[in-house]
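Participant: I have a structure I would like to understand better, so I am pasting it below and will then ask my questions one at a time.
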Amino acid sequence: MTGLRIPEALLYMDYLCFRALCCKGPPPARPEYDLVCIGLTGSGKTSLLSRLCSESPEHVVSTTGFSIKAVPFQNAVLNVKELGGADHIRKYWSRYYQGSQGVIFVLDSASSEGDLEVARSELHSALQHPQLCTLPFLILASHQDKPAARSAQEVKKYFELEPLARGKRWILQPCSLDNVDALKDSFSQLISLLEEKDHEAARM
């Protein structure tokens with residue numbers, strides 16, 4: 001400001017303040033992460049993702065092949081590839097794993113023993129798959145609002161998560177459609193794991 005008279009200097013400072021307040025430009029882009037979402041038919045995958053996207057439950061239709069949703073959060077956007085959970089589709093899941101940065105596995109905590117055993121087998125396969133085994137996992141025990149729902153501790157023991165997932169980044173959270181805040185918190189924890197993995201990769 002050398003050479004400016006006092007009134008001009010004040011005007012210049014006002015101009016700088018105006019620019020700082022009103023000319024910030026677009027906010028920085030949020031990071032995007034590509035996730036794969038798997039689980040048996042009826043586990044609640046589609047409904048939970050639709051709830052996060054504030055879609056009407058009346059328009060929710062069970063996924064038969066695969067669908068992709070962009071789920072926005074304050075600090076990230078999750079591009080979630082949801083795979084259908086029917087018997088004849090599950091054998092093709094691994095074809096869609098490539099490029100995933102994280103995994104969402106949804107299980108029905110109130111399902112029959114038979115379905116729970118199938119879900120257990122599928123989760124074990126996913127946790128050990130070469131394209132997924134190093135990725136962060138969010139495991140959602142859905143339908144907690146049902147009387148037959150198993151607690152997170154019961155699910156952890158039945159699925160043998162402690163020994164199987166030792167050394168991996170994973171989160172197990174109970175959830176239901178009527179508690180969207182808890183559901184969002186689960187995804188916020190997953191985003192933290194994804195960010196940690198990004199930072200580790202940047203340091204290598």
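Note: Cβ is positioned from N, Cα and C throughout, glycine not excepted.
The GTP binding site feature in TrEMBL is assigned to GLY39, LEU40, THR41, GLY42, SER43, GLY44, LYS45, THR46, GLY85. According to TrEMBL, the Mg(2+) binding site annotation covers THR46, THR63.
Let's see these features in context: how buried, what's close, how far.
Facilitator: There are 23 other CB atoms within 10 A of the CB of THR46 (Mg(2+) binding site), with all protein chains counted.
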Participant: Drop a 10 Å sphere on every Cβ of the binding-site residues THR41, SER43 and tell me which sphere holds the fewest other Cβ atoms.
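Facilitator: Among the binding-site residues THR41, SER43, the sparsest Cβ neighbourhood within 10 Å belongs to THR41.
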Participant: Write down the Cα-Cα distance for THR46 (Mg(2+) binding site) and GLY85 (GTP binding site), rounded and given in Å.
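Facilitator: The separation of the Cα atoms works out to 11 Å.
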